[in-house]
């Protein structure tokens with residue numbers, strides 16, 4: 001049975017929209033990682049820069065100071081480690097310590113050394129769709145064009161296709177209607193040769209799905225609904241805050257999807 005990967009979010013920042021300040025010292029970060037592993041995480045995604053609306057850009061030095069001590073403390077755990085960064089300097093420092101993948105919210109467009117660095121360490125990379133929100137074509141077409149172009153550049157740099165993940169970038173440079181369009185057409189991204197990661201956890205999109213004001217934590221059940229929907233559309237991994245809920249749900253959906261496929265194969 002194909003297992004959907006669960007990526008647990010570890011923000012080592014003081015200002016992330018959902019859990020800023022909760023895990024930004026090594027001891028609390030270690031405890032959170034251990035808990036997420038017990039809850040079913042396959043990957044831990046460590047981020048040292050907030051992506052919330054209105055966040056302030058931190059310096060390279062500050063990002064390194066936030067991320068490296070935590071990565072060094074957890075890199076030996078029995079789980080894949082990803083680092084959420086768009087800076088090749090941060091990526092290389094973490095890859096030297098033994099992390100497995102880089103989650104680049106700018107898909108290599110911010111730092112053109114990123115692909116070379118990831119290839120050098122034979123690591124995986126996640127390419128997320130982003131931008132300034134201005135586009136000359138419909139959102140899904142623009143997303144596919146942009147991500148496939150960057151994936152091609154990653155392959156030229158020496159990263160094999162099976163180590164390149166695509167993320168549609170829910171919550172980034174899209175209107176509410178554009179996000180709904182991207183979700184409805186996830187199968188078109190899945191139809192490419194690359195595995196797809198879906199990252200909707202606690203974002204504005206899930207708030208708007210509920211139709212009333214909520215705190216980020218109150219969006220976990222709706223996040224789980226997007227997990228189920230994404231798996232049925234063919235995504236291979238989900239990035240979430242509430243690991244336990246989504247891991248259990250994914251296990252059930254994986255079973256049902258496998259059962260459905262087996263029945264179709266018999267008919």
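Each residue, glycine too, has its Cβ placed from N, Cα and C.
Of the residues proposed, 3, 203, the one Swiss-Prot records at the same (7,8-dihydropterin-6-yl)methyl diphosphate site as 51, 84, 103, 167, 239, 240, 241 is 203. Residue pair residue 103 ((7,8-dihydropterin-6-yl)methyl diphosphate binding site) / residue 11 (Mg(2+) binding site) shows a Cα separation of 13 Å. Listed in sequence order, the residues 7, 9, 45, 47, 199, 201 complete the 8 Å Cβ shell around the (7,8-dihydropterin-6-yl)methyl diphosphate site centroid, once 51, 84, 103, 167, 203, 239, 240, 241 themselves are left out. When the neighbouring Cβ atoms lying within 10 Å are counted for each of the binding-site residues (11, 51, 103), the highest count belongs to 11.
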